[in-house]
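Q: Dumping what TrEMBL says about this protein:
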DOMAIN    52-474  domain 'Major facilitator superfamily (MFS) profile'
TRANSMEM  50-68  transmembrane segment
TRANSMEM  88-108  transmembrane segment
TRANSMEM  144-166  transmembrane segment
TRANSMEM  178-200  transmembrane segment
TRANSMEM  206-228  transmembrane segment
TRANSMEM  289-313  transmembrane segment
TRANSMEM  352-376  transmembrane segment
TRANSMEM  382-408  transmembrane segment
TRANSMEM  420-443  transmembrane segment
TRANSMEM  449-466  transmembrane segment
Amino acid sequence: MLGRQREAFSMYKRLSSRDHSALVDVEENSAPVQNIMDVETTNPSWRLSFPHVIVATISSFLFGYHLGVVNEPLESISIDLGFNGNTLAEGLVVSTCLGGALVGSLFSGWIADGIGRRRAFQLCALPMIIGASTSATTKSLAGMLIGRFLVGTGMGLGPPVAALYVTEVSPASVRGTYGSFIQIATCLGLMGSLFIGIPVKEISGWWRICFWVSTIPAGLLAFAMMFCAESPHWLYKQGRTAEAEAEFERLLGGSHVKYAMLELSKLDRGDDGDNVKLSELLYGRHFRVVFIGSTLFALQQLSGINAVFYFSSSVFKSAGVPSDLANAFIGVANLLGSILAMLMMDKLGRKVLLLWSFLGMTISMVLQVAAANTYVSGSGSLYLSVGGMLMFVFTFAIGAGPVPGLLLPEIFSSRIRAKAMAICMSVHWVINFFVGLLFLRLLEQLGPQLLYSIFASVCMMAVVFVKKHVMETKGKSLQEIEIALLPQE
């Protein structure tokens, strides 16, 4: 087993001799192929795939909305349902969806490969509609928890399928930009839930409206997906070549279909994703890319981002900033960083954004450590703390937030893509859960200075890991990336 792991740890950033000779034969002996290559000197229009990507990111909007939907109304919910003052019950209302998300993410790969990307989106919308409706109409804590768990399964299924779909339907020239839409949609969902929750203290029962509102975008996602293209990569894997060509024409334009199909044909269609064994992903020949993906998500969560979101309101409160204004500041910093990532993703590349993002997060945490130092004056401590927190959220949003969800479907081969994403997202949710569970206890026992020092160390470790293990995928087709990372048999 160890021998296979060592073998899997060798990254192949060049073509093997077998692949080289095959490509040379095609280029030398096929004039039609040369004509196709000439056509590909111009990039496909982004306008054709844009509507399909926008519909897919509705799932990310819902993800962000349901993450934040109980933050403002939690007190009103606890009073109306009779568990006010019960911190365990309040914690369950917030975190039950994380358990559902873990279940959804675990099965996401098998669902996406089994029924296709479009139907997977429709399936993820279903528990979100049922769960939100259950939470909106319930008169008991049990009903609220059931609704939150159902919503969580949709939250767990949506993000990996969105990452798969956006990666597979986007032209290589704008794939990074489109991948950033996922993070922007999540930010807008979070901000939307905070905005909808504003009247909750003035209007009795408004929290029920907050849940009902989420059924509208969920229904829109399920309906609009009926008119969107299926992933040509998934269709090709199923042997439905003619349908794959038709979908490429919808997404890229007729003049780019033959080149896109030629790229797909460079790889074995016979490698059906249903034959992927878990052993291949965990310690077999695909171990390296799954290790990179899982570690990126682990470092993302262990950097302290969720702890910062959780603790931000108290930091701003100590600076005399109201909680609703503090949430607005955090939301704006997150959104501005996500927009900058969208503009830079296909110019600077994924690896550069990741490096600068984790480096900026390290500096931000150092500011937090300085703010917690007893030698810093009161006003200076507040400025460092608030400034460090906003800087942390902003730098997270330009790289560590959006890049892993985009990069991983790019580096996973078509054969393992869906199932490998399911494993990596499961790692994400497990660590997310434990960070949320243990953060306040660690803060109490270790103190802010030591805890933020640990977060800064994790961010610095992430810089080293990205520098050593992550390859740049900017501007490359999925097939080029797959061949470059092709493991030895």
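In case you wondered, yes, glycine gets a Cβ from its N, Cα and C as well.
What TrEMBL says about a protein is an automatic prediction, not a curated fact.
Explain the structural surroundings of these features, please.
A: Mean pLDDT for the domain 'Major facilitator superfamily (MFS) profile' (52-474) in the predicted structure: 86.
Panel annotation: around the transmembrane segment (88-108), residues 66-67, 70, 74, 77-78, 120, 124, 127, 131, 141, 144-145, 148-161, 418, 421-422, 425-426, 428-430, 432-433, 436-437 of the same chain, lying at least six beyond its termini, place a Cβ under 8 Å from a Cβ of the stretch.
Same-chain residues lying 6+ beyond the ends of the transmembrane segment (178-200) with a Cβ under 8 Å from its Cβ atoms: 49-50, 53-54, 57-58, 60-69, 71-73, 76, 159, 162-163, 166-167, 170, 206-207, 209-210, 213, 324, 327-328, 331, 334-335, 338-339, 341-342, 345, 397, 401-402, 405-406.
Here the transmembrane segment (206-228) has Cβ contacts under 8 Å with residues 51-52, 55-56, 58-59, 61-62, 65-66, 69, 73, 76-77, 80, 118-119, 121-122, 124-126, 128-129, 132-133, 135-137, 147, 154, 193, 196-197, 199-200 of the same chain, all six or more residues outside its ends.
For the transmembrane segment (382-408), the residues of the chain that approach it from at least six positions outside its boundaries are 159, 163, 166-167, 175-176, 179-180, 182-183, 187, 292-293, 296-297, 299-300, 303-305, 308-309, 312, 315-316, 318-319, 321, 329-330, 333-338, 340-342, 344-345, 350, 353-361, 363-368, 370-372, 376, 420-421, 424, 462, 470, 473, judged by C-beta separation under 8 angstroms.
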Q: Among 144-166, 352-376, 420-443, 449-466, point out the range having the most Cβ pairs under 8 angstroms from the transmembrane segment (289-313).
A: 420-443
